[in-house]
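Peer 1: Starting off with a structure, shown below.
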């Protein structure tokens, strides 16, 4: 008894934190895990990068109209994007996880039903054979008993079932919510555009007011298409399909680029033409995604009561709080930089945009991690969960190291591309060490968002982000007052470091959805 007790006492307990380094030497391996991650991440990253590129071209066309029109479009887009960001992030994140989970569960049910059906047919055939062989009253004992002929109709039915549309309740729910949120956003922006422009500093007598009001009001008409298309992108991500959204995004951006000069210059609609071109492209993207999705999914659920509005609302409010916390930290940092003067603000804005560029690349890994992990958690395939989670984090960190070198050298030698002002360039040089050195931290923080969303750990991510924001807000205010421009970047470094630490805490401690990391060795002894 004593020896057995000693043996049990000496069993090594697993250390959850070490799972992060699982198969580290295979981080660049093109194995099944690596191919699956990159197959989702690469198209997702391209789709995310396509919009900013199209926006730059769009801005170039508007810039030819004059400085007033360009400024009007800039402030209008800032308002539109800020209003959209609040709803887009929760909607897309929840849709991806929920659809991946439900789709996986439905596939598991289908496989179980098929297995049960095959088992029942096998028993029936065996029973028929036994009866045929053992029956003494058989009319023709010389002829061997043949098993029942296969049902060709059944086989053809099975082939058609493979192409049968799926009923995914969360997909239908997400689309309805996307349309409703888009309509609400459109109405809000149309009727409050002048008020919002005033809040952004556009005065009643400003020459920007009229063109900005017209542009924002027309762009608002595209909000329903934008939110609905993003809901459908979340659905495709849940199916682990990021190529279809990439195709739709590229087509829409090309349409926008082609229509811009036609509406702006040929039809002489000016800034209004730019807005119309963008709205048309949004509706084209929605139509493309809708057509592809209609081939896969029954968009109208059999029963309205099957829709999961409550689940979306509960978790959506949590992610809304998280989004507000993230936005507030970055907005406060910009506000503190603005208080330092025009030159520090200009340098800060350039540095901030470069600092956050890594999110476009890492969001691709985050999307891949979220989709695969949501499926794996639904299957309770914890070996795959650990393999995928560790791999995307390792890939994110390596990508961050590469970005650190690229961004550091790029800003050092290419600062003149962003500004010709020596004072601005000098302040940018001060910020370069922070921007470059924090790229691996940023990468981990962004990828961890996808990992935690894949685990459906929405409550933790929301509450932890609010806590991070509270500390970071205090740090931004204090450091900006005491250390000026450098202080703001120190505070932002603290902010991203806290995001990464809290993001990895659940996995590293084996808590929440990651409890299985601690209980793996104990299962054998129980």
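Counting starts with 1 at the first residue shown.
Using N, Cα and C of the backbone, Cβ positions are placed for all residues, glycine too.
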Peer 1: May I ask you to indicate which of 296-316, 317-337 is given in Swiss-Prot as transmembrane segment?
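Peer 2: That would be 317-337, the stretch labelled transmembrane segment in Swiss-Prot.
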Peer 1: Would you say whether Swiss-Prot puts residue 238 on the same side of the membrane as residue 457?
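Peer 2: Going by what Swiss-Prot records, residue 457 is on the same face of the membrane as residue 238.
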Peer 1: For the feature transmembrane segment as recorded in Swiss-Prot, pick the matching range from 16-36, 37-57.
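Peer 2: That would be 37-57, the stretch labelled transmembrane segment in Swiss-Prot.
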Peer 1: Of 485-505, 506-526, which span is tagged transmembrane segment by Swiss-Prot?
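Peer 2: Feature transmembrane segment in Swiss-Prot: residues 485-505.
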Peer 1: Ranges 65-98, 99-132, 133-166: which does Swiss-Prot label region 'Disordered'?
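Peer 2: Result: 133-166 is the stretch Swiss-Prot calls region 'Disordered'.
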Peer 1: Where does the mean pLDDT land for the topological domain 'Extracellular' (338-353)?
Peer 2: 86
Peer 1: With Cβ-Cβ distances below 8 Å as the criterion, list the same-chain residues six or more beyond the ends of the transmembrane segment (485-505) that contact it, or say none.
Peer 2: 20, 329, 333, 336-337, 340, 344, 347-348, 351, 355, 393, 427, 430-431, 434-435, 437-438, 441-442, 444-445, 448-449, 451-452, 461, 464-465, 467-468, 471-472, 475-476, 478-479, 511
Peer 1: Please determine whether the transmembrane segment (37-57) and the transmembrane segment (354-374) are in contact (criterion: at least three Cβ-Cβ distances under 8 Å, sequence separation 6 or more).
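Peer 2: Answer yes, regions in contact.
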Peer 1: Where among 60-80, 317-337, 427-447, 458-478 do we find the most Cβ pairs under 8 Å to the transmembrane segment (245-267)?
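Peer 2: Out of the listed stretches, 60-80 contacts the transmembrane segment (245-267) most.
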Peer 1: Applying the under-8 angstroms CB criterion, which one of 60-80, 317-337, 354-374, 427-447, 458-478 scores highest with the transmembrane segment (271-293)?
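Peer 2: Comparing 60-80, 317-337, 354-374, 427-447, 458-478 against the transmembrane segment (271-293), the winner is 60-80.
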Peer 1: Sequence-remote contacts (6 or more beyond its ends) of the topological domain 'Extracellular' (338-353), Cβ cut-off under 8 Å?
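Peer 2: Same-chain contacts beyond the flanks: 330, 411, 418-419, 421, 423-425, 427-428, 431-432, 435, 480, 484-485, 488-489.
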Peer 1: Applying the under-8 angstroms CB criterion, which one of 60-80, 216-236, 317-337, 427-447 scores highest with the transmembrane segment (458-478)?
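Peer 2: Result: 317-337.
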